[in-house]
Amino acid sequence: MTRHPVAGSDHPVPAGAQCIGACDPTEHFDVVLILRRQDEAGFRALVDGITAGAKGAQPVSRADYEQCFGASAADVKRAGDFARAHGLTVVKADAGARRVVLSGAVQQYNDAFGVDLQRFEHQSGKLKQHYRQPVGPVHLPDDMHDIVTAVVGLDSRAKVQPHFRIESASPGDSPIHEPIRAARAANNAFTPLQLAELYGFPDGDGKGQCIALIEMGGGYAQSDLQAYFSALGVPQPNVQDVSVDQMKNAPTGDPNGPDGEVTLDVEIAGALAPAALIAVYFAPNSEAGFVDAVSAALHDSQRKPTVISISWGAPESSWSQQSLGALNDALQTAVALGVTVCAASGDSGSSDGVSDGADHVDFPASSPYALGCGGTHVTAANGRISRETVWSTGDNGATGGGVSITFALPTWQKGLRLVRASGGAGALVRRGVPDVAGDADPASGYAVHIGGADTVVGGTSAVAPLWAALIARINANAGKAAGFVNAKLYAQADAFNDVTSGNNGDYAAAPGWDACTGLGTPVGTKVAAALA
């Protein structure tokens with residue numbers, strides 16, 4: 001039987017990684033087949049209409065989506081037959097989400113997909129990682145090649161990073177105390193409530209909404225949440241854990257690791273939208289885990305998230321094109337369902353942490369179907385922002401931002417200019433990142449409670465849940481989901497505090513949109529009016 005390579009299924013090997021031999025042929029793991037839609041043309045027309053603001057283009061319900069745009073029963077059956085023919089077990093088949101989960105061993109996957117699974121070792125700073133990765137592209141036979149859009153899970157490399165930075169509080173001086181006064185900085189830090197007032201958030205508590213937090217490791221301690229929300233004087237929010245690919249809330253006890261990210265996300269979202277359901281989707285840190293987590297949130301018919309916050313990401317260049325395409329496809333599904341996705345733009349400036357001397361942007365923030373969230377440094381006095389600049393502090397991080405190498409220029413960014421720190425400027429010709437911004441500098445960061453201690457945390461990972469909570473308040477007050485917001489926001493520049501000072505390395509702030517802080521930071525009530 002003729003086999004064909006699946007486009008974009010080659011996995012890039014990171015610089016410095018070494019192949020150390022073949023995988024154990026009996027190593028057992030799961031792989032996901034993502035199948036084509038029944039009506040791809042209809043889906044594309046719907047997404048294009050919504051993003052362009054076409055009259056009559058409206059999101060669909062989850063039930064209608066699965067009926068119209070899920071996989072066909074025939075394709076699901078064919079995928080199952082293919083799996084069983086190669087000794088693989090079908091763990092789960094979900095036609096609505098277009099996913100067939102397979103379980104098997106290395107040798108079976110090598111035979112089924114025409115790959116050679118190898119073990120790699122990669123030293124990155126102090127971290128040495130061992131992982132599994134196929135050498136060469138995935139191959140599929142004639143009768144499967146047209147129905148499978150992606151095969152994810154063969155690569156086990158931990159790819160994405162949490163985008164947060166910790167600023168130590170002064171010894172013995174807690175940034176959290178009772179009572180907390182609105183819009184008053186404490187020890188150069190702000191509580192989420194103070195930032196909400198500084199940014200003019202509309203009143204509200206997010207009642208009736210669900211904020212989905214995507215987390216790729218670590219966990220939170222219930223005792224941290226109880227102490228934090230009690231000190232803030234806000235009701236304890238309903239936080240629910242959702243296990244994806246067998247991952248669970250598993251705090252490591254190290255606030256400098258993933259625990260810091262998870263706890264930060266929960267505390268910011270919960271403080272600003274305490275009546276919303278905070279659903280935390282825990283998944284493995286891999287391309288497959290990331291795709292699975294976002295898909296799980298989108299197709300969660302029980303909790304029905306209306307906004308998703310993503311504080312994790314990786315440079316576009318580090319993704320396989322197949323997995324990047326699969327996650328971007330999920331973000332398009334979010335558009336079709338009327339779910340807003342807020343994604344952190346990264347904490348390593350215009351390089352996004354890549355040491356090749358080129359500029360890079362972080363994905364998924366670079367997707368035109370996500371709201372990319374950059375970062376600023378905030379100075380406040382007398383309950384008002386007195387100065388706001390680009391977050392850029394050298395070794396302690398800088399807001400991610402720049403120009404995508406993957407995505408074309410969206411219609412709502414046409415006519416924008418790109419200003420470089422060197423003084424040059426020109427037309428923006430591809431997708432520009434970020435779209436919006438918020439406080440992210442650890443030196444003016446968020447007062448939170450992690451690992452039993454009060455601390456101050458920054459990073460663009462804080463901006464994603466900040467914006468997600470703002471959208472949840474707006475949704476609750478309006479009685480409807482805002483859905484895809486980018487085009488409407490770009491049409492209302494006066495809904496933002498324009499940040500015009502600073503740079504993130506190669507790009508500079510400028511009047512209007514720029515590749516450091518996007519349109520700027522929110523004037524919450526005006527953002528609500530723009531999305532009405």
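Residue 1 is the first one shown; counting continues down the chain.
Just so you know, glycine gets a Cβ as well, placed from its N, Cα and C.
Here's what TrEMBL has on this protein:
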type: DOMAIN; residues: 189-532; note: domain 'Peptidase S53'
type: ACT_SITE; residues: GLU261; note: active site, charge relay system
type: ACT_SITE; residues: ASP265; note: active site, charge relay system
type: ACT_SITE; residues: SER461; note: active site, charge relay system
type: BINDING; residues: ASP498, VAL499, GLY512, ASP514; note: Ca(2+) binding site
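Overlay of TrEMBL annotations on the structure.
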residue	record	Cβ contacts under 8 Å, 6 or more apart
ASP265	active site, charge relay system	LEU213, GLU215, VAL280, SER309, SER311, SER461, ALA464, PRO465
ASP498	Ca(2+) binding site	PRO511, GLY512, LEU519, GLY520
VAL499	Ca(2+) binding site	THR376, GLU388, THR389, VAL390, ALA437, ALA509, ASP514, CYS516, THR517, GLY520, THR521
Where does GLY512 (Ca(2+) binding site) sit in the DSSP three-state scheme? coil
GLY512 (Ca(2+) binding site), Cβ-centred 10 Å count of other Cβ atoms over all protein chains shown, is 15
Same-chain, non-site residues whose Cβ lies within 8 A of the ASP498, VAL499, GLY512, ASP514 Cβ center for Ca(2+) are PHE496, THR500, ALA509, ALA510, PRO511, TRP513, THR517, GLY518, LEU519, GLY520
GLU261 (active site, charge relay system): tally of other CB atoms within 10 A of its CB: 28
Please classify the secondary structure at ASP498 (Ca(2+) binding site) using three-state DSSP. coil
